[in-house]
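First comes the structure, then the notes that go with it.
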Amino acid sequence: MSKVNVNKVVVAYSGGLDTSVIIPWLKENYDCEVVAFVADVGQGAEELEGIEAKAKASGASECYIADLKEEMVADYIFPTLKTGAYYEGKYLLGTSMARPIIAKAQVEVARKVGADALCHGCTGKGNDQVRFEGAFAALAPDLHVIAPWREWDLVSREECLDYLAERNIPCSASLTKIYSRDANAWHISTEGGVLEDTWNAPNEDCWAWTVDPEQAPNEAETVTLKVAKGEIVEVDGEAMTPYNALVYLNEKGAKHGVGRIDIVENRLVGMKSRGCYETPGGTIMMEALRAVEQLVLDKASFEFREELGLKASHLVYDGRWFTPLCKSILAASEELAQDVNGEVVVKLYKGQATVTQKRSDNSLYSEEFATFGEDEVYDQSHAEGFIRLYSLSSRIRALNSQKK
């Protein structure tokens, strides 16, 4: 494929080996100015330390750092939580939810500096290339997109390190990298290494955040969450922003080994991959929201929310955040969440987050009607007519069979 003419490109920069190579490679192969863009999505202070200097040492003319933590949790994670989305029944979409806001902010920087191209460091095997480029297509269809991993002939970490050494570009990366990790305020994912063989149990170093449940405290701890319109607004009696609530619950959950999963998932590009994911605070939040939903959503609404969650999980995973369908699902979930108000107590113990108490002013649960003892509010004889109508089609089908 022939290269397009590019004057200025904004690259999503992490400070790692791949993107450190990408900056000089872009300058050499596209003869263009390179602007680095760094998204702070809660990956940690260590990852961001000195990152502007690293980018410029690699050849970037400028480096923009955007603090996206609050916006990511409030405008991307919380709306997704309201849908009840779990990808393939387990994954709380930690990497997937971070990509659209990173891409959006990258486009904003490109507009600000007058760039005519965008660049990402995703490989040609993974989901992220689709997520980034899908977002770019929706937000900036006029900008060129460069994906070096689909163009260059570098195939190993050793070759990447040699590339930088030949150009006297400093890099702290080592030749040996056991795992591939992605981190943000919501989760940490770990892939590769021993995990590539599904018969290998995860080593303890596969987990970067949470305490081994077997080594977690022997005494349970409880947290109390207040929910308003499907969002966590207060934890343990203190009003908190979405991000601060997540940080607080992450600390509590990680201490007790909450939020670990080991999953083999179907990637968008067709292959399967295995990963160990840690989502301590998110797991607690999801348990609390589901508990309130059990109280306030009627049967039809709950079933519909389940359907929304399934569809939303695939849309978010597949990089279709900026689509009319995703927007519609989020809007429907927002409407269903209007009555999702209440208070929940969650017990944290040895890797488990268990709801032990829940209440809501909007609750459809009535102790008077639900009692298994004697009551005066429900005439059980009324059930007979309902059952005859409810089973009418089965009765007619059986009668037809008897006539044959």
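In case you wondered, yes, glycine gets a Cβ from its N, Cα and C as well.
Cross-referencing A39, A98, A140 with the ATP binding residues that Swiss-Prot gives (A12, Y13, S14, G15, G16, L17, D18, T19, S20, G121) picks out A39. When E108, E166, E265 are compared with the L-citrulline site residues Y91, S96, N127, R131, S180, S189, Y277 in Swiss-Prot, the one appearing in that site is E265. When the Cα atoms are compared, G121 (ATP binding site) and D128 (L-aspartate binding site) turn out to be 9 Å apart. Spatially, by CA atoms, the binding-site residues T123, E265, Y277 include one closest to A12 (ATP binding site), and that is T123.
Cβ neighbours within 10 Å of S180 (L-citrulline binding site), excluding its own Cβ and spanning all shown chains: 15.
Spatial neighbours are here defined as Cα atoms within 10 angstroms of one another, and by that definition the neighbours of S96 (L-citrulline binding site) among the binding-site residues S14, G16, D18, T123, D128 are D128.
Highest Cβ count within 10 Å among the binding-site residues S14, S20, S189: S20. Remark: R131 (L-citrulline binding site) has S96, R99, P100, A103, D318, G319 as non-local neighbours, by Cβ distance under 8 Å and separation of at least 6 in sequence. Under the three-state DSSP scheme, R131 (L-citrulline binding site) falls in the helix class.
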